[in-house]
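Chemist: Just dropping this structure here.
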């Protein structure tokens, strides 16, 4: 607002005040400024508090406030201004539509001011710009009416004058005047604002000065609520000192920046002079030397088409940029990436591929896993016949610790090419895979281009780990990027955001790993050859420990192989009672724990040269066993209890089904143990089936009409789902109904139909491994799974009697 306009509105205020005083005198009343209505419309101010005796503009944009302004202009023109609390403003900002109803008792400060609207200007975009003259301090009492706009009742607050004007107060008053003028000189503020009030009026002086200081909302409100003029003088002086400290810090920062700029300008001037001198002398500078090196590297690359043109433009730009500019570094880094990428066609030489050598490498690095190795060798043999690895995408699925990642490294050794691994577990930003655009500060290429730069070949083996743990976010969908990366039709011209050039990655052999297929999108899954890896049985773990883990751990810890021997019984104990996971990570962890303790003993007592780990002294090194036989195997089984077999993403496990009966007026079944919908349906099917054959079982109908059957599966915190517990649940109901105990060491798995047919299930190998680990001797499985049973290695099946069934009636014959 221009100074002439301010002076004009100031004259309007003075005229209005003069008229009001004359009217007050004629009426015999004593009014300092205007009438003092106790009921006034309220306008909530979001920013800082407003003080009395000030002339300020306020922008009105909300419909509620505009209605309040229109209303008071038709009347006495008096409104009240109260400041909103920060808590309400934060809630309003976090609200999705940005609108919240104001609770005037809680959301505004209790002390505000009354003000007279002097002028209203309509804004082009809607809303008003009003100019008000603030009058008195008031305290919010209550809301009287809140229809189109709030009308509140207020109490007028009287300031407490100074009773005794002593030397201290005089010093404070003088300091306020002095510091205010000092701030004016720094801020270059117009001094006419001080002439709005009588300077001798200490209370008004405090209000005017506080209103001009850029302090916090809380500090301003504290001054507004201070009725004692004496206390208000002290608070305002504190604010003035804070303001001057802030000005001093700002000036210091500005001075530092100015000195830095002057130094940079001086350096630039000197560098330009040096550059001119070098040019006159014919001496080539460092930048020119760097440009020539970069150009020679790029000329040696096999660039074509779009890549050749784009890199040429970047090289030309590089020649003109100054070394001190930020863009110089960006362009140089980009060109260095270009020179480090394998633009030449470096395909794997499949003519030199030897199947026997490949088999030896896989056998050397991984024990057992015959089925997996065969699948890998078959897959690579096809690539040899095609003499190309284009479109080679393999997905290894299995529990943690079974060797998925290390198999990827072995495949790279088989193909005699480089290996690069990166994990996408937890990645939510597609830029991690496809790179950031160069416009961003600190931009980098994605993992694919980084891998090619590191391996320096365009036909490496890339292992993308933990693909099932990718998640989408507002930063993009990494799965969609992986579709582009893995699609043979698209990855011929893969375009990284940072590189921004087409790059052929079709010769890359992609291996992906996952613990589960459930979270992987079907379109992505269809592009891959899926190979399932199951967990290890105890015999395999012990053999792997002897051949691979123990030598590795001894070497890592500096212990000689003759200084420590493991008895077979100790390794069996570790496998069965300490490391029951399907992989080998826990097994290796316990071996490391033992070797570290032996290393300490060898250092402490050098007279003992060798130690032996046996079943008897194992607890001394790794503590008490983590696992024992399942509790229900240690105790006698009771009627209604049956052992089932389950499968998870991390391998198989045994599952106990418990049932009990209680007399109830509402017979039926009650299910607990955190069962999923499919398992609940299986329980209902089993209950209905057992009820339908109750006559054949010679079970009295009253069993189903009189009792509530409660079915529970222990470990209630663990979610359980799937149809494969159908025959197990039915067997539990039958055992309970006949009051007979199921034969010991019997486990079962199979889906049950409503008519009593037993249908195929999945995860058979993992379930058998879990059963064997827990000492199960008899397993009932669906006859439809015979093919799966035949594929399972004989060492896993040894010691277990398998009973293949087609119907529930065959299961019943095997129960007791």
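Each residue, glycine too, has its Cβ placed from N, Cα and C.
According to Swiss-Prot:
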- 40-244: domain 'Lon N-terminal' (DOMAIN)
- 398, 399, 400, 401, 402, 403, 404, 405: ATP binding site (BINDING)
- 636-816: domain 'Lon proteolytic' (DOMAIN)
- 724: active site (ACT_SITE)
- 767: active site (ACT_SITE)
Chemist: Mind telling me which of the recorded positions 405, 724 has the densest Cβ neighbourhood, counting other Cβ atoms within 10 Å?
Modeler: 724
Chemist: If you measure residue 404 (ATP binding site) to residue 724 (active site) at Cα, how many Å is it?
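Modeler: Cα of residue 404 (ATP binding site) to Cα of residue 724 (active site) measures 27 Å after rounding.
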Chemist: Do you know offhand how many angstrom separate residue 767 (active site) and residue 724 (active site) by C-alpha?
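Modeler: So the Cα of residue 724 (active site) lies 11 Å away from that of residue 767 (active site).
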Chemist: How long is the line from the C-alpha of residue 724 (active site) to the C-alpha of residue 405 (ATP binding site), rounded to the nearest angstrom?
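Modeler: Given the Cα positions, residue 724 (active site) is 31 Å from residue 405 (ATP binding site).
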Chemist: Determine which residues of the same chain, besides 398, 399, 400, 401, 402, 403, 404, 405, have their CB within 8 A of the center of the CB atoms at the recorded ATP site, and list them by sequence.
Modeler: 396, 513, 533, 582, 583
Chemist: Find, for the listed binding-site residues 398, 400, 403, the residue with the lowest Cβ contact count at a 10 Å cut-off, counting only other Cβ atoms.
Modeler: 400
Chemist: Please give the average pLDDT for the domain 'Lon N-terminal' (40-244) in this predicted model.
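Modeler: Per the prediction, mean pLDDT sits at 81 for the domain 'Lon N-terminal' (40-244).
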Chemist: Could you tell me which three-state DSSP class residue 402 (ATP binding site) falls into?
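Modeler: Residue 402 (ATP binding site) sits in coil per DSSP, no helix or strand.
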Chemist: Reduced to three states, what secondary structure does DSSP give residue 767 (active site)?
Modeler: helix
Chemist: Count the Cβ atoms, other than its own, that fall within 10 Å of the Cβ of residue 401 (ATP binding site), considering every protein chain shown.
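Modeler: Residue 401 (ATP binding site): 20 neighbouring Cβ atoms within 10 Å.
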Chemist: Over all shown protein chains, what is the count of other CB atoms within 10 A of the CB belonging to residue 404 (ATP binding site)?
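Modeler: Other Cβ atoms found within 10 Å: 25.
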